[in-house]
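Down below is the structure, laid out as structure tokens.
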Amino acid sequence: ILGFWQRCPQGSGLESLAALLSSVEETPDPIPTTIKGTIPTWIKGSFLRNGPGKFEFGEESYTHWFDGMALMHRFHIQEGNVTYSSRFLRSDSYVSNSEKNRIVVSEFGTLAMPDPCKNIFARFFSRFQVPKATDNANVNFVKYKGDYYVSTETNFMRRVDPRSLETKEKVDWSQYIAVNSATAHPHYGRDGSTYNMGNSYGRSGFFYHILRVPPRDEPADATADSPDLSGARIVCSIRAPESRKPSYYHSFAMSENYVVFIEQPIKMDLLKFMLYKIQGKSFHRIMSWQPQYGTVFHLVNRHTGEVGPSDVKYRAAAMFTLHQINAFEENGFLVMDMCCGDNGEIIGDFTLENLRRGSGDIDKFYNSLCRNLPRRYVLPLNVDRQAPLDENLVTLHHCKATAKMIKPGEVYMTHEELHDAELLQYGGLEFPQINYEEYNGRPYRFFYSCGFGHVFADSLLKMDVHTKELKVWRHPGLYPSEPVFVASPNAAEEDDGVVLSVIVTPRKEKSTFLLVLDAKTFTELGRAEVPVDIPCGTHGVFSNTC
């Protein structure tokens with residue numbers, strides 16, 4: 001039987017997106033935009049976006065899309081008007097590369113070669129140095145204790161000024177807490193705390209760590225203008241079953257009381273990691289899809305740090321996930337929604353060579369990609385070890401997902417497809433967003449995402465998880481970014497508000513615009529046209545404080 005993703009329509013005659021993957025200039029001083037339609041006057045704040053924006057230095061070019069230098073964007077919205085500004089993050093990587101006018105810091109998919117000015121012996125021995133992690137934080141904007149940082153998946157973040165987009169201090173997680181990295185997708189507690197996941201590797205093995213940074217201590221440090229991760233602690237540590245083959249993770253799920261780490265079968269070979277510079281291979285080559293491992297869900301009580309409500313192992317078939325939609329508890333079950341695929345070999349494929357293919361060639365690449373689709377898993381929180389084997393433990397009447405004990409202490413779960421056939425014509429979905437402030441970790445009804453009828457998103461989708469009905473915004477030649485929900489003042493319903501997305505096109509230069517959709521009807525209210533080119537980006541946030 002074909003998987004749902006394999007039944008998505010094949011791409012044919014797709015246009016080249018090379019123009020959306022070109023280096024651009026920064027726009028440090030805010031410039032006005034041209035408003036078409038109406039931008040609601042109640043929207044006050046900044047839509048901050050991040051992503052790669054420079055792909056070469058001198059004669060040398062990056063290999064992978066994830067390697068481009070971080071370019072931060074700000075759409076400032078006030079009284080129905082919008083201004084736009086952007087700045088390159090002045091990371092150590094950016095500064096070093098600029099000074100030498102070549103790539104001197106290795107990134108995810110690009111290996112920095114030894115300095116050609118060094119003699120042959122110095123070049124040879126430079127290969128044996130342990131590569132330094134990059135601080136090219138081009139994935140997301142995140143918040144700790146009220147401060148904004150840009151983040152990637154190394155141990156380095158950069159504090160930034162969300163108004164001017166100026167680069168501030170470089171922050172090393174390992175100076176605060178014993179971890180080697182942290183994700184670019186933290187979760188936020190209602191008390192102002194921030195949760196994240198990191199890892200560490202040493203003689204005692206490889207560990208995944210759940211981290212918590214406490215809220216800002218008001219008013220003692222409210223005026224302090226310096227990075228503050230004080231009080232950060234490891235809530236829980238989970239040992240990897242094979243210390244040399246840990247799983248890759250991009251994010252995690254969080255409900256009111258639990259953090260869920262999804263141990264998926266994308267494995268990182270740490271021996272290769274130690275040797276990759278000697279072998280002249282880039283970082284993404286140490287990752288491989290190994291479906292024989294299946295998927296394991298680790299539940300951690302985020303208040304006590306205890307693993308699971310019991311000593312139960314939760315397992316599922318092999319699947320690949322980058323982004324979770326939401327997770328919540330209901331009547332003794334943890335309901336977890338996420339975007340999933342059946343093939344995790346996608347990570348290394350997003351080379352600039354593949355993404356810049358011309359018409360015709362891009363079809364072949366697109367059709368080779370796994371489509372991600374929304375799924376629901378339901379984890380029983382109270383498992384009776386005496387329950388009959390193969391009995392479905394999920395008793396929520398509205399859920400088709402199952403959880404069965406296949407042997408004492410081991411529960412095997414099957415998912416519910418959180419969509420119907422209509423979604424397939426839009427190529428699956430990714431970059432899910434919800435009304436986070438009010439509904440994260442709670443029962444919810446709507447999420448917003450990008451549809452993937454092309455290698456990059458070519459539609460915006462609103463999904464009703466109760467009815468699986470879709471609302472769609474899609475126009476030929478227009479490619480949207482991750483949709484971000486902004487609630488209207490005194491909102492009475494979950495979808496009272498707007499959805500923001502940056503729209504780019506390869507068909508005409510300087511034709512980018514900020515799109516504002518009515519979140520309820522998913523129809524356009526207005527757009528703010530920007531007279532500069534903006535490349536495809538990654539993630540963003542809306543802030544009503546800057």
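The backbone N, Cα and C atoms fix where each Cβ goes, glycine too.
As written in TrEMBL, here are the features:
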BINDING   H185, H250, H323, H539  Fe cation binding site
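In sequence order, V139, N140, T183, A184, S251, L322 are the same-chain residues whose CB sits within 8 A of the CB centroid of H185, H250, H323, H539, the residues recorded for Fe cation being left out.
In this structure, of the binding-site residues H250, H539, the smallest number of CB atoms within 10 A of the CB marks H250. The C-beta environment of H323 (Fe cation binding site), restricted to residues of the same chain at least 6 apart in sequence and closer than 8 Å, consists of H185, H250, S251, M338, C339, E430, F431, P432.
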